[in-house]
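Reviewing the structure listed below.
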Amino acid sequence: MEAAMAGSSSMHWQAEEAWQAYLRQQRSRIGWAQYLRCRPMALLGKAGADDGNRVVMPASALDRINSVLVEYPLMFRVQNAATLEATNCGMLEFGAEEGFVYVPALTMARLGLEEDDLVLMTSTSLPKATSVKLRPHTMDFLGAKDLKQLLEFNVRLNTPCVTVGDTIAVAEGGRRYLLDVVEAKPADAVSTLETDCEVDFATPLDYVQPPAPVPAKVAAAPCQDCAHGGERRFVGVGMRMDGKPVEQTPAPAAGSSGKGKSSSEHVLRFFGGRGSVAVPPPGPKMAKKKVDGKEDKEAKWFTGQKYTL
């Protein structure tokens with residue numbers, strides 16, 4: 001409640017300040033100001049006039065302007081008398097009914113104006129634009145044939161000035177594009193007449209960010225022991241020569257076949273050894289040989305339990 005009362009008090013104070021400034025302006029010989037009732041530019045039926053920000057004022061305004069000191073070309077500050085929202089515009093002609101000013105639709109929407117609302121028109125002077133940043137409403141504007149020529153023609157014809165927060169319109173054949181003014185230099189309100197101005201474009205309002213690419217899955221490298229058709233080369237139990245336990249590997253998947261094994265599959269690798277020992281294929285036990293009544297020494301080299309593959 002207190003915040004609402006504070007906001008209302010601040011608005012009333014600003015309105016009082018605007019009224020006092022208007023009264024001082026009426027007593028001065030420098031500049032011009034007048035309260036007028038606004039009407040939509042479309043009521044005049046002037047082709048293309050609704051795309052720009054030029055206004056039509058009564059002839060009495062011209063008489064008063066000629067009697068005071070103002071800068072040319074004529075620029076005016078348009079302020080909603082109720083909300084104090086303001087922007088800037090140029091002059092189209094002096095041909096409106098007494099007490100009224102015709103305002104383009106985009107300017108009325110910018111200031112929240114309805115027909116016959118009260119506005120304060122004040123003469124002003126704006127610096128020449130050096131840089132302007134525009135945000136198109138649609139992506140198809142960027143596909144126009146010649147953006148530079150399109151902007152130069154429309155701005156020179158209908159938009160003598162721009163203010164940050166305004167929306168301007170440019171037309172090409174039967175197409176009409178809307179652009180928001182998001183930045184201007186050297187001030188927030190600048191003149192676009194007889195100046196070299198850099199124009200940049202922000203991301204259009206209807207731009208949609210493309211989805212991020214899905215990372216490709218990287219296949220895991222095959223196990224070294226599964227180089228032949230996914231089968232392990234050894235399915236038996238490994239043993240170390242020094243008697244230490246051996247880390248066992250998982251058994252092969254069920255249904256694996258042992259057919260078609262090459263001779264290299266009969267090579268047993270000892271952990272910690274330098275080379276390999278060839279194990280002959282299974283066969284009948286070899287008889288012990290005796291030499292001079294003694295068992296052959298060769299038969300005693302391996303006296304432990306024998307394993308076959």
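Positions of Cβ are set from backbone N, Cα and C atoms, glycine also.
TrEMBL does not curate its annotations; it predicts them automatically.
Note that this is a predicted model, so its numbers are computed, not measured.
Record features (TrEMBL):
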- 250-261: compositional bias 'Low complexity' (COMPBIAS)
- 33-127: domain 'Ubiquitin fusion degradation protein UFD1 N-terminal subdomain 1' (DOMAIN)
- 128-204: domain 'Ubiquitin fusion degradation protein UFD1 N-terminal subdomain 2' (DOMAIN)
- 243-297: region 'Disordered' (REGION)
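Confidence for the domain 'Ubiquitin fusion degradation protein UFD1 N-terminal subdomain 2' (128-204), expressed as mean pLDDT, is 92. Here the domain 'Ubiquitin fusion degradation protein UFD1 N-terminal subdomain 2' (128-204) has, by DSSP, the following mix of helix, strand and coil residues: 17 helix, 34 strand, 26 coil.
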